[in-house]
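To start, the structure under review is shown below, and the notes come after it.
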Amino acid sequence: MGAFHATTIFAIRHNGASAMAGDGQVTFGNAVVMKHTAKKVRRLFQGNVLAGFAGSVADAFTLFEMFEGKLEQWNGNLPRAAVELAKEWRSDKVLRRLEAMLIVMDKQHLLLVSGTGEVIEPDDGMLAIGSGGQYALAAGRALKKYAGGSMTAKEIAKAALEIAADICVYTNGHIIVEEL
């Protein structure tokens, strides 16, 4: 789901609830952990939208600001704001160099937004990005399939990140989960 290292973000829509989880590790290069408690999942648009990023922190903050502006411009219409962000991100010569990916969600939609112009809504209500993304996605799918009836979206998101943190050296166990 992406070649960006040093983070894992997982999001799920399950049984009418939405949750997004991210780890707290910031890695400098390939060898040094600079921070253990970064917050990579944010609430936007009066708390009605969750956004998580993988990639360069400075680039992600630029994209968060731009995306929040698009949400304001389109009165909280998440799909429209995501498409407009992707169009601008892809067409602008400076923005095109930003190295990050976003997962954004509200109570109705879950979307992956990238700088190459993709806006993807998953079929199964789950997305993951970052170096531990594949591990978290596999764990989330298994948890939903085999324990989904007894677990909430928040519980699945947290457990998926815990499993990814056990496997991926760029993902730590300081997990922040936000839910809608």
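Any Cβ shown, glycine's included, is placed from N, Cα and C.
Taken verbatim from Swiss-Prot:
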ACT_SITE  THR7  active site
BINDING   ALA165, CYS168, THR171  Na(+) binding site
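Annotated features, which come from Swiss-Prot, shown on the structure.
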| residue | record | DSSP class |
| --- | --- | --- |
| THR7 | active site | coil |
| ALA165 | Na(+) binding site | helix |
| THR171 | Na(+) binding site | coil |
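With respect to THR7 (active site), the closest of these binding-site residues in Cα terms is THR171, chosen from ALA165, CYS168, THR171.
For THR171 (Na(+) binding site), the same-chain residues that are 6 or more apart in sequence and have a Cβ closer than 8 Å to its Cβ are THR7, THR8, ASP23, GLN25, GLY130, SER131, GLY132, TYR135, LEU161, ALA164, ALA165.
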